[in-house]
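First comes the structure, then the notes that go with it.
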Amino acid sequence: MRQEEVRNVTLDEVDGQDRVGSPPGSPAKRDDNAVDGVSSMTLKLYIILSLVQLHEGIVITMMFPIFLFQVREFFPTEEAVAGARGEASEGTYVGILASSFFLASFVSSWAWGYLGDRLGRRPVLLLGLALSACSVAMFGIARSFYSAVFWRFLTGFLSGNLGILKTYLGEVTTRENQAWAYSMLSLVYCAASSFAPSLGGLLGGRMTSMPYAFLPAVTSAAIAFAITVIAYFWLPETASFRRRRQAAKAAPVEVASSSSSSTAKFWKHPNVLKTTGLYGALCFVNICYIELLPIFFGATGVIGGLDFSSTVIGICFSVQGAGLFLFQLVCYPRLARAYGAVTLMKIGTGFAIILVGMPVLASFIPAGLARFAFLIPVMVIVMAPQSMSFTSSILMVNNASSDEIRGQVNGLGQTLGSGARAVGPVFIGVVWTFMADQGQSYLAFVFLCAAATVLFLMSLSLDQSLSYPLNSKEGEFDVPLNVIAH
């Protein structure tokens, strides 16, 4: 058998199944979405992927409530804080600890995606889980500020699984279940980011003989190791990657040349640049909004804040989280099936122009129940378009590329998103401080409205075909379901 015939058998006859959703009567196509011969995602597979996503949410958010207390442990007095580096405040050091993870992720995300395209999704996921577990554990025993920053940075550097996870999910879902799957994955991350900070705050400082972060870090590491073991035994490699690996063995020169060409070209592909750039910009606006709200809530009325207690702030965010949970669970999958990710992105960013500025209106309502009654529904409503935009953006990044380079494209998206999350909190903090000093703190929200306007304008250039998976075999977008039906 000639080499070309071997390659055709490897690519087209391994599964012998039609692509789900192909037009009736169309020629049979291999199922690029199959995992171990299964044409759609099984419950077991989804549970494992959800556990990996849960771990990522825990690693990122569990330490947030204890950073301040860590800094106070490292620098017991104000003199110690200031003496460590000029006239710095403890808030500066908290900010350094918080942003070091995202700065490291900014540096490493694309490299992890590249490894995923070359070595496979499964081994890179397992490697990331195991290494991040080790670095988290070391963070828990750090006894100096600079040691803690180093291990937090290393944890971010080794945590490349968010991009790989999105890539894996993109290869095992069909057009019919893609929106639901990504919505549920976002739901898992929301759940992790809700309970993990509470757990971290509860466990922090419980062992007086150990550093403040010891128990939260060890708990996070133990969860990561447990998920690593589960994934090792029950998470398969995607069928799409296995076929490419078999093809490379059958025709190594031609496949390697094609792969190198795809890698070189993807940087210049308009859809890749549009979707990843939009994702990064969306991360920036989102993190600025998330960081600005508690500052606004807790600030005194003298500078335009609401003067809420920490308890009231916690209630506001809890209600918002519950609303977000219901929206992701019930609304988004149905909306995506009906209108597509691109349309939802445009709707979400369009509504955000007005909605992200609405919380500041609470400062014009007299303090008391009326203000609280206004703010709670506003926070829930604001998160709906943000959630809609985020999940749609993740879908479009996956749909902008073929399987061969999807890891690198997701890595690029994570790189831009991590960079935005590293810069955003510092930037919006400076904006708030400057505006508050001028007696016009509400202008920080006006800035967010302007940023949301830029997002909306960026979304107008998106092609509707990005709502659907790219057919990696033919290099064309699959036909949308509503076109097939009519």
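Backbone N, Cα and C atoms are what each Cβ position is placed from, and that goes for glycine too.
Quick look at what TrEMBL annotates:
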- 1-34: region 'Disordered' (REGION)
- 45-467: domain 'Major facilitator superfamily (MFS) profile' (DOMAIN)
- 45-71: transmembrane segment (TRANSMEM)
- 91-112: transmembrane segment (TRANSMEM)
- 124-142: transmembrane segment (TRANSMEM)
- 148-168: transmembrane segment (TRANSMEM)
- 180-200: transmembrane segment (TRANSMEM)
- 212-235: transmembrane segment (TRANSMEM)
- 278-306: transmembrane segment (TRANSMEM)
- 312-332: transmembrane segment (TRANSMEM)
- 344-366: transmembrane segment (TRANSMEM)
- 372-397: transmembrane segment (TRANSMEM)
- 418-436: transmembrane segment (TRANSMEM)
- 442-462: transmembrane segment (TRANSMEM)
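Residues 95, 98-99, 102-103, 105-106, 109, 156, 280-281, 283-284, 287-288, 291-292, 295-296, 299, 303-304, 442-444, 447 of the same chain lie 6+ residues outside the transmembrane segment (418-436) yet bring a C-beta within less than 8 angstroms of a C-beta in it. If you average pLDDT over the domain 'Major facilitator superfamily (MFS) profile' (45-467) in this model, you get 84. The transmembrane segment (312-332) makes contact with the transmembrane segment (180-200), as judged by at least three Cβ pairs under 8 Å among residues 6 or more apart in sequence. If you count C-beta pairs under 8 angstroms between the transmembrane segment (344-366) and each of 278-306, 372-397, 442-462, the highest count goes to 372-397. Outside the transmembrane segment (45-71), and at least 6 residues removed from its termini, the chain residues within Cβ reach (under 8 Å) are 35, 81, 90, 93-94, 97-98, 101, 125, 129, 132, 136, 139, 145, 148, 152, 155, 159, 161-162, 165, 168-169, 172, 181, 184-185, 188-193, 196-201, 204-205, 211-213, 216-217, 219-220, 223-224, 227, 230-231, 234-236.
Using the rule of three or more Cβ pairs under 8 Å, pairs at least 6 apart in sequence, the transmembrane segment (278-306) is not in contact with the transmembrane segment (124-142). For the transmembrane segment (124-142), the partner stretch with the highest count of Cβ pairs under 8 angstroms, out of 180-200, 212-235, 372-397, is 212-235. Only residues 6 or more beyond the boundaries of the transmembrane segment (372-397), in the same chain, are considered here, and those with a CB under 8 A from a CB of the stretch are 166, 178-179, 182-183, 186, 275-276, 278-279, 282, 286, 289, 293, 306, 312, 316-317, 319-320, 323-324, 327-328, 331-332, 335-336, 341-342, 344-345, 347-352, 355-356, 358-359, 361-362, 365, 409-410, 413, 455, 462, 466-467.
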